[in-house]
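Below is one structure, written out as structure tokens, with a few remarks after it.
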Amino acid sequence: MEEANQSVVSEFIFRGFCDSRELQKFLLLPFSALYLMTVLGNLFVVLLIIADSHLHSPMYFLLANLSFVDFCLSSVTTPKLTTDFLKDNKTISFGGCMSQILFIHFLAGGEMVLLVTMAYDRCVAICKPLHYSRIMDRQKCIWLALISWITGFVHAISQLAMILDLPFCGPRIVDSFFCDIPKVIKLACMDTHTLRLLINTDSGVLAVACFILLLMSYTYILVTICLHSKDGASKALSTCTSHITVVVLFFGPCIFIYFWPLSITWVDKVLSVFYTIITPLLNPAIYTLRNKEIKNAIKRLISQHKNTKCNF
């Protein structure tokens, strides 16, 4: 009888990025521009790597995968966020909310493993350059990329399975601009303390394992370069700066949101914007601005375009 009296939640309401209507209207254009730049930047990197035969190497194959993941990750939340700036009632269906959770954890989990794979690639290239082509052959690169995607999918399914059958029967206001598990699980009509521990443990094992592997890889790279090069410190810094920057930008907000004991709403929202919008935007720039091969590929593309125009 009690279950019959409970109303099942069919949709959730986002509180949004901020409460001020004027500020929401002001933010519409900047966020739309950021999303457009993210899409164009990441897809440009993917298409450039596919089109230029000089970039058909393991490092750029993995970079293309990273850019595609960033494009998808940003597309899960940003379009909904920007359109909601124009709405008073920011609703999302129950299925849409669960889909956001699935894809966010699928893509974020996959990116964590992909960053480890990229670190492994650089580790082999710098520490064992003579054996690089044998160790990082085409087949191994494909398998490493597949492992990243499969790990992300398994992680996402495990997270979704733990919350999909929760009873949502009363409150339906999500204090965020997208469906993030820590916010959604608070709305369940039951004690979720144990479940939250399980979910954080699941995410924590993946995040901490990847982070430790990344620290070990880049430490080994830095030590190796310092021991075998006269200009060790500067070369090590130049080699690893872009990779380490991306790791910090991605893992920092995720670790803070999921493992910081005190939840401060506005801080959580800013950090969520950072890892769902800002980081996917910055990754193409970080990896390409200091990369001579990417710059040369862009020059070849421009030159080829000019020659094509001249022929016409």
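Each residue, glycine too, has its Cβ placed from N, Cα and C.
Pulled from TrEMBL:
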- 41-287: domain 'G-protein coupled receptors family 1 profile' (DOMAIN)
- 27-51: transmembrane segment (TRANSMEM)
- 58-78: transmembrane segment (TRANSMEM)
- 98-120: transmembrane segment (TRANSMEM)
- 141-164: transmembrane segment (TRANSMEM)
- 205-228: transmembrane segment (TRANSMEM)
- 240-260: transmembrane segment (TRANSMEM)
- 272-290: transmembrane segment (TRANSMEM)
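Counted over residue pairs separated by six or more positions, the transmembrane segment (98-120) shares at least 3 Cβ pairs under 8 angstroms with the transmembrane segment (205-228), which defines the two as touching. If you look at the transmembrane segment (58-78), the same-chain residues 6 or more away from its ends with a CB under 8 A from one of its CBs are 31, 34-35, 38-39, 41-43, 45-46, 49-50, 100, 103-104, 107-108, 110-111, 114-115, 117-118, 121-122, 125, 136, 141, 144-145, 148, 177-178, 276-277, 279-281, 283-284, 287, 293. Residues 17-18, 60-61, 63-64, 67-68, 70-71, 74-75, 78-79, 81-82, 85-86, 277-278, 280-281, 283-285, 287-288, 294, 297-298, 301 of the same chain sit 6 or more residues outside the transmembrane segment (27-51) yet have a Cβ under 8 Å from a Cβ within it. Model confidence over the domain 'G-protein coupled receptors family 1 profile' (41-287) stands at 86, taken as the mean pLDDT rounded to a whole number.
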